Structures are given as C-alpha cells and as structure tokens.
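Chemist: Would you mind keeping the following structure in view while I ask a few things?
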Amino acid sequence: MDYLPLFADLKQRPVLIVGGGEVAARKIELLHRAGAQVWVVAQTLSSELEQQYQDGRIHWLAQDFLPEQLDNVFLVIAATNDTVLNAAVFAAADQRCILANVVDDQPLCSFIFPSIVDRSPLVVAISSSGQAPVLARILREKLEALLPTRLSDMAAIAGRWRGRVKQHMASMGERRRFWEHAFSGRFASLISRGQLTEAENELQLSLEGQHRALGEVALVGAGPGDAGLLTLRGLQVMQQADVVLYDHLVSPEVLDLVRRDAERICVGKRAGAHSVTQEATNQLLVTLAQQGKRVVRLKGGDPFIFGRGGEELQVVAQAGIPFQVVPGVTAAAGATAYAGIPLTHRDHAQSVTFITGHCRPDGDDLDWQALARGRQTLAIYMGTVKAAAISQQLIAHGRSSTTPVAVIGRGTRVDQQVLIGTLAQLESLAQQAPTPALLVIGEVVNLHHQIAWFGQQPQTESAISPSVVNLA
C-alpha cells in the first residue's frame, strides 16, 4: 500500500490554496463540500473565484506566497503552473509537517486526491496511487452507475437510528443482522422510492418485532432490446429481485442482467397464442409478493405504453402490495432513433401519435380522419398483423398512398432490419419484417436515408421505392 486511505474532517479548518485559476477552483469546490475554511494566495483570481470572494465563500490574500502563510494551516494545495513556486510550497509545508498536494506533480505530494463517489454521508474513494488515474476514473464511473443516489438518505437515517438500535440490541451480532436485513429489505425499498417517513416507520416496526413478511412489486421497463438502453434504476432493481416475471419482448441480453439467483418466470404473450392469461399474471404478482418476495415485472419498452402495466398495478394496489415503477425507453423512441428516423421534425412533423395495432374485443374506435392528416408521424405498435387494414383506412381517409413508411423489425438489436416503402406497400413490408416490429408512417421516414447511423449505411434508393436495410 503506497498511501494510507484517510478521511479527514475539514469542517471549519483552514486550508491554504496557492493559485487562483481554474485548477484551484476545482479543488476549492471539493473543499467547500467538505466544509473547509478556504484561504487563497494569488495575485489575481479567476472570474469564478472572484465571485466566490465577493460572496464571502473564500478568503483572499492578494500577494505572493510566503512560508509564514502556512502557520495554523491544516493542509495546503499548490495549483499553479510555476514549478519553482510549487516546489517552494511543498518544501515549506514538509518542513512544518503540514500535508501538501501539488496538483499533477506526485513526487511533491504528501497526500493525493482519490476519485470519489459521493453519496454523503457514504463516500467511496478510489485511488491507483497515482499510477493509473484514468483507470481509477473508469472504476468511479462504474460505481456511480451501480450505487443508487438514495444511498445518502439510507446512510443518514441509519446514522440517526444507531443509538436506538443499540439500546434495543445489546449484542453486536444482533445489531449487525438487524442492519443487514434493513439494508436489503423493505427499509431499503422504501428509501429507493423516496418514502423516507415510511422507511423510518419500518425500522421502528422491526425494532418492536412487528416486521411484516410482505414483499413488493417493481414494474420495470426493459427498453426496446439493446441492453445498453436499460436504465440504471432498472438494473439496480433487477439486481435485487427474488423473482422476475418477463415478457417475450424482453431481449436475452437484458435478461442476462437479472440477479443470478433470481427465479425467472416467462409470462409472455404472442398474437394468437397467449401462453399465460393476463388474469393469471396479475394473481401471480400478488401471490409472490404476499410470500415476502421482491418481484420484478419486466416488460419490453415502457410498461405504461401499450404494456398493460397500469392494469397489473391496479390489481397489486388493491391487494395492498407495495410497488414502484421504473420507466423504460419505449420502442417508438428507441427503434426510430436507431433507424435514423426522428419522430418529429420542424419541416415534416409537428406531432407524433402512438397507436396499438391490437384493438380491444369490443371494436376499433380509432379516429382515422384525424390519423390521416398530414405533417404528423404515426408510430404503430403490434401492427404487422393489421398492416393491410391500417393502410386501407389511412388512404381511404385522405392520406396519400405514396406517404413514406418504415417497418422496423427487432429495433435496436444487432439484427435490426429497416424496411422502407410507401403506405400502399405497408402490408408487404410488414410481412417481410422480423418481429417484434414497429410501423412508422410519415414524411420523417425520408430522413432515414440521410441520418441512419446504426450498423451498415442505408441503401441509396429513392425514399419512396421499396428498400430493405439490414442494420445487423
């Protein structure tokens, strides 16, 4: 170990910064977060530091550095481009046994700054001892993605409750088990949902031995296919699941991110072949949660856009089961972005309408007259089976048969296919497309030939002649 990792209490302690430029400003911002009393030695200040001085956030000594300025200083940072001055600052500090840091000059440092993940009061510091700072930064970025921002609330509440827990539990082992259960159970779930008062109530119930073995349901949008489009929150919830109920639309790449020990149950439905009824899925969510399990209902795209997520949560709520919702990137947004088709464009479409091709059994009540108007984009989910009827209705209500259309099959995945043609050709294109597929109708489809970026470049056929672009 080249450096001993320490966490220093700088609240109201004097820290000297030699230098008044941008580098100094970055270090000063970190010192402010730690509550330090900052003194700056520099002939001039950057505009940012000048404003901080005017606001009374820093003290300014508008003079050259003198060793006497180190008297009663807790630590010092040299942030100038003058190597001679930096060396003098370090030597003077070292002589006085004051910790010193010369920015970007490790030999002249008695302490160094780590990469930091700040979830105060929880702070994670990462250091490569100055040998590989880029690697330390990459690790910090990974931890930023993995550690929920609400950890700060969790740690703060735990700090407030330490005394009460100690009064109730004399054994250190008993206290450890209490907190292990809290940090991985309902207390943590309530924190993640921002329900801080309820979280503290849960701690009180646990202390009183009234903890209920009640699970919860998390409705999570898995996105359109590319696992990279899964949200950080979605990943975090999936990593905590005891059981995952998923649809056929969820890609294998996303399923691979589920916690390894979690039970996986496919409740997917396909057109004309409903393997699990919706009622059975609803009841399964309730039953599993009542067993005390953390249940993730994983749905392709966004669960509240043609995903029946609202129906499922109504049943969960009626059963008194706690739940949360994690939005996902809906297929219309993800697939069109990967196909180079903007849903709106100032010159072509001032609105976009999302439509489902699966109609309720009591009939189709779509306003075809409104949908056939120009200067708008139609994004149709699950519409391949009814592509012929959709095309006929739009043309019958005034939409030009030469209106550009795209059928995007397996959008955002490595085997994505984009088929381009006209409204009159929609049925034929839909029959060729791999599923799941999204239908896009409108002038914005023409932009695909200019700004498609994912995989191979688009073919150069006319925007209104049939073309197939395999973006694998």
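Keep in mind that glycine also has a Cβ here, set from the backbone N, Cα and C atoms.
Pulled these from Swiss-Prot:
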{"type": "REGION", "residues": "1-203", "note": "region 'Precorrin-2 dehydrogenase /sirohydrochlorin ferrochelatase'"}
{"type": "BINDING", "residues": "Glu22, Val23, Gln43, Thr44", "note": "NAD(+) binding site"}
{"type": "REGION", "residues": "215-472", "note": "region 'Uroporphyrinogen-III C-methyltransferase'"}
{"type": "BINDING", "residues": "Pro224, Gly300, Gly301, Asp302, Ile305, Thr330, Ala331, Met382, Gly411", "note": "S-adenosyl-L-methionine binding site"}
{"type": "ACT_SITE", "residues": "Asp247", "note": "active site, proton acceptor"}
{"type": "ACT_SITE", "residues": "Lys269", "note": "active site, proton donor"}
Chemist: Taking Pro224, Gly300, Gly301, Asp302, Ile305, Thr330, Ala331, Met382, Gly411 as the record's S-adenosyl-L-methionine-binding set, what's the max Cα pairwise distance in Å, rounded to a whole number?
Modeler: 16
Chemist: Applying the rule Cβ within 8 Å of the centroid of the Cβ atoms of Glu22, Val23, Gln43, Thr44, what extra residues of the same chain belong around the NAD(+) site?
Modeler: Gly19, Gly20, Gly21, Ala24, Ala42, Leu45, Ser46, Leu49, Ala79, Thr80
Chemist: In three-state terms from DSSP, label Gly301 (S-adenosyl-L-methionine binding site) for me.
Modeler: strand
Chemist: Taking the Cβ of Pro224 (S-adenosyl-L-methionine binding site) as centre, how many other Cβ atoms lie within 10 Å?
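Modeler: Taking all protein chains shown, Pro224 (S-adenosyl-L-methionine binding site) has 31 Cβ neighbours within 10 Å.
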Chemist: Round to a whole number and give the Cα-to-Cα distance in Å for the pair Lys269 (active site, proton donor) and Gly411 (S-adenosyl-L-methionine binding site).
Modeler: 19
Chemist: Check the region 'Precorrin-2 dehydrogenase /sirohydrochlorin ferrochelatase' (1-203) for me and report the mean pLDDT.
Modeler: 93
Chemist: Can you tell me the CA-to-CA distance separating Glu22 (NAD(+) binding site) and Pro224 (S-adenosyl-L-methionine binding site), as a whole number of Å?
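Modeler: So the alpha carbons of Glu22 (NAD(+) binding site) and Pro224 (S-adenosyl-L-methionine binding site) sit roughly 42 Å from each other.
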Chemist: What does DSSP assign Lys269 (active site, proton donor), in three states?
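Modeler: Its secondary structure by DSSP: strand.
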Chemist: Using only the Cα atoms of Glu22, Val23, Gln43, Thr44, which the record gives as binding NAD(+), return the largest interatomic distance in Å, rounded to a whole number.
Modeler: 15
Chemist: Could you state the whole-number distance in Å separating the C-alpha atoms of Val23 (NAD(+) binding site) and Gly301 (S-adenosyl-L-methionine binding site)?
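Modeler: If we compare the Cα positions of Val23 (NAD(+) binding site) and Gly301 (S-adenosyl-L-methionine binding site), the gap is 43 Å.
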Chemist: At the level of the C-alpha atoms, what whole-angstrom distance separates Gly301 (S-adenosyl-L-methionine binding site) and the residue listed as 'active site, proton acceptor'?
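Modeler: Cα-Cα distance, Gly301 (S-adenosyl-L-methionine binding site) to the residue listed as 'active site, proton acceptor': 11 Å.
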